[in-house]
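Colleague: Below are the features listed in Swiss-Prot for this protein:
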BINDING   Ser9, Ala10, Met11, Asn12, Ala13, Gly14, Lys15, Ser16, Asp87, Glu88, Cys89, Gln90  ATP binding site
ACT_SITE  Glu88  active site, proton acceptor
BINDING   Cys145, Cys147, Cys182, His185  Zn(2+) binding site
Amino acid sequence: MAQMYFYYSAMNAGKSTTLLQSSFNYQERGMTPVIFTAALDDRYGVGKVSSRIGLQSDAHLFRPDTNLYQEIAALHEVEKRHCILIDECQFLSKEQVYQLTEVVDKLHIPVLCYGLRTDFLGELFEGSKYLLSWADKLVELKTICHCGRKANMVIRTDEHGVAIKEGDQVAIGGNDRYVSVCRQHYKEALGK
């Protein structure tokens, strides 16, 4: 029976690596997965999912106006799809998360979503909020803070490495702009 999974973590826990490994596992068994990623994240090229360890794959793009159910149903009609993999799923809208539940419930295709739980202010992203509510399985991927404890928060920094306390929720960046830390070091960095 198909289910929807939400694999979440702070940055640098290996979400994209895990997604690419899952895709490989399906392909190795002669199955056809489909990878989607957010159009606004083009750090590694448009329509690419890349991991820090060098793995990469082409991906379909989703934008705020993409109807994921219709797009996946059309792909599935042409060729059977065995799994849908969504990278950067925190950028999904509430409606798109609902569309993915329809993929699971009507098309009977498993959907595996990978993304951040919260932003640099500790607030849930819209996509993450509804994945936490509607996913069948929640899986936390772990990374570590510089102190050795589990990192579950993300700090956005300026060009001098100083924590930023306000700004737009979405600002694409990697290790140059974001640091994963434990809650204690998050609060210390923001002066809370």
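Here the Cβ of each residue, glycine as well, is placed from N, Cα and C on the backbone.
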Colleague: Within 10 Å of the Cβ of Cys89 (ATP binding site), how many other Cβ atoms can you find? Include all protein chains, please.
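Modeller: Counting Cβ neighbours of Cys89 (ATP binding site) within 10 Å gives 31.
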Colleague: So, three-state DSSP: helix, strand or coil for Asp87 (ATP binding site)?
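Modeller: Asp87 (ATP binding site) sits in a strand per DSSP.
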Colleague: Please report the number of other Cβ atoms within 10 Å of the Cβ of Ser9 (ATP binding site).
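Modeller: By my count, 23.
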Colleague: Are there residues of the same chain, six or more positions away from Lys15 (ATP binding site), whose CB falls under 8 angstroms from its CB, and which are they?
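Modeller: Counting only residues 6 or more apart in sequence, the Cβ neighbours of Lys15 (ATP binding site) under 8 Å are Tyr7, Tyr8, Ser9, Asp87, Tyr114, Gly115, Leu141.
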Colleague: What's the CA to CA span in angstrom from His185 (Zn(2+) binding site) over to Cys89 (ATP binding site)?
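Modeller: Distance between the two Cα atoms comes out at 26 Å.
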Colleague: Excluding Cys145, Cys147, Cys182, His185 themselves, which residues in that chain have a Cβ inside 8 Å of the centre of the Cβ atoms defining the Zn(2+) site?
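Modeller: My list of surrounding residues reads Ile144, His146, Gly148, Arg149, Ala151, Val181, Arg183, Gln184, Tyr186.
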Colleague: Using DSSP reduced to three states, classify Ser9 (ATP binding site) as helix, strand or coil.
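Modeller: Ser9 (ATP binding site) sits in a strand per DSSP.
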Colleague: For Cys145 (Zn(2+) binding site), identify the closest of the recorded positions Met11, Glu88, Cys89, judging by Cα separation.
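Modeller: Nearest candidate: Met11.
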Colleague: Looking only at C-alpha atoms, tell me how far Cys89 (ATP binding site) is from Cys147 (Zn(2+) binding site), rounded to the nearest Å.
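Modeller: So the alpha carbons of Cys89 (ATP binding site) and Cys147 (Zn(2+) binding site) sit roughly 28 Å from each other.
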Colleague: Between any two of Ser9, Ala10, Met11, Asn12, Ala13, Gly14, Lys15, Ser16, Asp87, Glu88, Cys89, Gln90, the residues recorded as binding ATP, what is the biggest Cα to Cα distance in Å?
Modeller: 15
Colleague: Of Met11, Ala13, Cys147, Cys182, which is closest to the residue listed as 'active site, proton acceptor' if I measure between C-alpha atoms? They're all binding-site residues.
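Modeller: Closest by Cα: Met11.
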